[in-house]
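Feature annotations, reproduced from TrEMBL:
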{"type": "DOMAIN", "residues": "15-56", "note": "domain 'RING-type'"}
Amino acid sequence: MAAGNQDKIEDSIICCICHKVYDDPRILPCSHTYCRKCLEETALVNKDQFECPLHEGFTLPKNVIESLPVNRIIRHLIDINGSRQNPIECSNCHSAASEYRCDKCENETFCSKCYQTVHNPPVMQKHQQMSANETALK
């Protein structure tokens with residue numbers, strides 16, 4: 001991914017209230033997204049009302065925050081970007097950070113040791129090794 005695009009993704013996954021990567025991103029009816037915790041904490045100090053800082057006059061009662069839909073697009077961008085900040089756990093041993101994946105083992109990532117162990121048998125030799133952050137081209 002080009003550096004400019006990576007910067008755009010990183011900018012779009014930051015909550016403008018806490019200035020951190022969204023935690024449980026919820027989308028409001030006004031189309032703005034905030035962390036669920038930020039919504040709840042802001043409402044708590046504002047008479048149980050959340051007032052959108054990006055949409056003047058839009059308020060939301062605290063009791064509907066939990067039912068707001070998760071912003072799945074933002075969640076996906078966080079997942080894509082997340083491997084840079086938080087290493088993915090090895091699917092095999094669950095104790096080491098994943099370094100590799102292959103073009104055949106869908107949704108599986110491996111640490112160096114487990115990749116060699118799992119992909120050593122002759123039947124696995126046609127599996128193409130790639131970085132855990134890479135996506136196989138179809």
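Keep in mind that glycine also has a Cβ here, set from the backbone N, Cα and C atoms.
The model shown is predicted, which means the values in this text are computed figures rather than measured ones.
Per-class residue totals from DSSP over the domain 'RING-type' (15-56), listed helix then strand then coil: 9 helix, 10 strand, 23 coil.
In the predicted model, the domain 'RING-type' (15-56) shows an average pLDDT of 94.
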